[in-house]
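One structure is given here, and the rest of the page talks about it.
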Amino acid sequence: MDIRAAEISAILKEQIKNFGKEAEVSEVGQVLFVGDGIARVYGLDNVQAGEMVEFPGGIRGMALNLESDNVGVVIFGADRDIKEGDVVKRTGAIVDVPVGPELLGRVVDALGNPIDGKGPIKAKERRRVDVKAPGIIPRKSVHEPMSTGLKAIDALIPVGRGQRELVIGDRQTGKTAIILDTFLNQKPIHDNGPDKDKLYCVYVAVGQKRSTVAQFVKVLEERGALEYSIVVAATASDPAPMQYLAPFAGCAMGEYFRDNGQHALIGYDDLSKQAVAYRQMSLLLRRPPGREAYPGDVFYLHSRLLERAAKLNDENGAGSLTALPVIETQGNDVSAFIPTNVISITDGQIFLETNLFYQGIRPAVNVGLSVSRVGSSAQIKAMKQVAGSIKGELAQYREMAAFAQFGSDLDAATQRLLNRGARLTELLKQPQFSPLKTEEQVAVIYAGVNGYLDKLAVNQVGKFEEGLLASLRTEHKDVLEGIRNEKALTDDLKAKLKAAIDAFAKSFA
């Protein structure tokens, strides 16, 4: 074989010319101990709190505890594949997720990876999951209604855009159903309404069964509501760090709409399970436990999440993010640690009660204990006009009903009040998946507070309401359109509505 020196030198020169001088420097550490979704890592001296680190096999983790001789890392994934002595790399990045309209109609995990089998998500933007909430200056007080389609809520405990309204109750009292109905109620606006009124929905499922989440997504899909919704799921089988992260990830996705002058609604279902996951992580990281073994900063965990729901002022695009956090109580005990924390953070709460639920009053809202601290500024004028009196009448009814159990001989006025209260309570019942438009609610409640139901038997109230709505939708569309456009009951509209109800009441009798 003939070796030519000139050729070899030419090849060597070519190779040397193309030699890159960049040496890759990455800070690495070693796993000392791993288990229960937590790894103790030695090394990584300059790692920052909350920074993402990478384990072999592409599994990510987040540095939470920075101690003198090691770093406590929570693992976003299965810890089965990580072993002692594995090399851990710093990434220099804080946890972020994809955001934007590309996520609408998709189901993702807490890191924004699709889990619905519909292929990758081509999002153009990513956002950090844990950012500071808007300050005082960019905010504006809540003044636009966020209609849920449920008479009991829109009339008595109105929720505004940018508000945080807690949904609290025992298991199986219909908490998720309220969020689901609110999502479905946005469908008509997305189909026909102006862009500025559209409300994009984000649902965060924390620690739920996979079958429950699948059922929720199926209902959204069947009713055409998935196209404007994002579902973030960290189910019961996911590691605790994913359940802790999911609400923050969902919030970042909702904030994208808020900061672009649009409106979003986010339901956290539920924050009790997030607190339990956070407690598990904290105890495994050897942080000192406090009341009910929760760590000392569990209040801050929820307050920094819920403060990100806000209504921004016009200079900042006038967008909003409304939050409906869910808390599950045990035995109606709202004075436990997590329920009292979240009640004090939110702008009101919707109490759901088991005994009301089993009496057939659904949604099982306890109207006496539920409040909205935004109140009637989150209602259109027409709703204020009819709902003002229903609140008072129901309050009197509850008071009288308690006394009426003792006395048999009641005067006519008390009897009238009890009759009216029973019929109004019946009127506020509503089957699931049948949200009503605001103008339809106004018409129905107007009939209730003006005595049209008083002569009916209680079991006829539902039929009367159905018939009245059918009549208004077909023969008196102008009345409903008038209320929708005017947003108030003018004398002219009132006369038309009264005539329509009178005509129907005659035929119903």
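Placed from the backbone N, Cα and C atoms, the Cβ positions cover glycine too.
The ATP binding site feature in Swiss-Prot is assigned to Gly169, Asp170, Arg171, Gln172, Thr173, Gly174, Lys175, Thr176; the stated evidence is sequence analysis. Counting only same-chain residues at least 6 apart in sequence, those with a Cβ under 8 Å from the Cβ of Gly174 (ATP binding site) are Leu352, Phe357, Arg362, Pro363, Ala364, Gln432.
With a 10 A radius on its CB, Ser370 (site 'Required for activity') counts 21 other CB atoms from all the protein chains. In the three-state DSSP assignment, the secondary structure recorded for Ser370 (site 'Required for activity') is coil. Look at Swiss-Prot and you will find Ser370 tagged as site 'Required for activity', backed by sequence analysis.
Take the mean position of the Cβ atoms of Gly169, Asp170, Arg171, Gln172, Thr173, Gly174, Lys175, Thr176, the recorded ATP site; other residues of that chain with a Cβ within 8 Å of it are Glu328, Leu352, Thr354, Phe357, Ala364. Recorded residues Thr173 (ATP binding site) and Ser370 (site 'Required for activity') have their alpha carbons 15 Å apart, per Cα-Cα distance. Separation of the C-alpha atoms of Thr176 (ATP binding site) and Ser370 (site 'Required for activity'): 17 Å, rounded to the nearest whole number.
DSSP assigns Gly169 (ATP binding site) to a strand. Fewest Cβ neighbours within 10 Å among the binding-site residues Gln172, Thr176: that distinction goes to Gln172. If you take the C-beta of Asp170 (ATP binding site) and look for same-chain residues 6 or more apart in sequence within under 8 angstroms, you find Glu328, Thr329, Gln330, Gly331, Asn332, Leu352, Glu353, Thr354. Across the structure, Lys175 (ATP binding site) and Ser370 (site 'Required for activity') place their CA atoms 14 angstrom apart.
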